[in-house]
Amino acid sequence: MRVDGREKTELRHIHIHTNYLKHPEGSVLIEVGDTKVICSATIEERVPPFMRGEGKGWVTAEYAMIPRATEQRTIRESSKGKVTGRTMEIQRLIGRALRAVVDLEALGERTVWIDCDVIQADGGTRTASITGAYVAMVLAFEKLLQAEKVSKIPVKDYLAATSVGIVEEQGVVLDLNYAEDSKADVDMNVIMTGKGQFVEVQGTGEEATFSRAQLNELLDAAEKGIFQLIDMQKEALGDIVSHIE
């Protein structure tokens, strides 16, 4: 039994609140256990200069934590005057993952801005951001469809992400909280589509190694969790699902 009473391959409690904010075209508050992230999607009727004239759209992301998302207050990056390497890595990861399932030609020359703001962190903030951002993005696309600016919702598949790891005395576990993540021998983030295709796998041994058999076990656990997350995304999206499938 894990520190929070879960089974080894059991997700934390997940809740996706749709249309959480008033102004964005799409928004959600995603709760993954005690990790909470507000994800919003904004549609801009233009593309970056390097995309002009190509007839395709673009998806990009920004990620941030409020100062007391963590146990000890962290200084806002805006106060420091620069974005940290960790934040830049996560922003690129979110944008890259979402672009993998967006039909950029069907989107047209528009930019989707994804903003992920962590209001409480207890492990898995980047994976929660990706899972929530996908729903926010689809909600924004539904607005485009209703306005007859696109002929279909421009996504090719579902997308979700979770963490897996190897924790001493537990073995392979799914969806690590901060207490588990901080002592894990192996930590891995996995992003997959609804068709079971991998978008990205980030795995690291923390002063430890892992075998091919353990890698397979980690990926099996992640796949199980991601398919459950996609079912929750579908439930949150409701009737919009009929425009995707």
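Positions of Cβ are set from backbone N, Cα and C atoms, glycine also.
What Swiss-Prot records for Arg86, Gly124, Thr125, Arg126 is phosphate binding site. Applying an 8 A CB threshold to same-chain residues 6+ apart, the list for Thr125 (phosphate binding site) reads Thr35, Val37, Met65, Ile90, Val118. Thr125 (phosphate binding site) falls within a helix when secondary structure is assigned with DSSP.
Neighbouring residues of the recorded phosphate site, listed in sequence order and excluding Arg86, Gly124, Thr125, Arg126, comprise Tyr63, Ile90, Val118, Ala121, Gly123, Thr127, Ala128, Ser129 (Cβ within 8 Å of the Cβ centroid).
Counted over every protein chain shown, other Cβ atoms within 10 Å are most numerous around Arg126 among the binding-site residues Arg86, Arg126. Within the same chain, the residues at least 6 positions away from Gly124 (phosphate binding site) whose Cβ sits under 8 Å from its Cβ are Val32, Gly33, Thr35, Thr162, Ser163, Asp175, Leu176, Asn177, Asp181, listed in sequence order.
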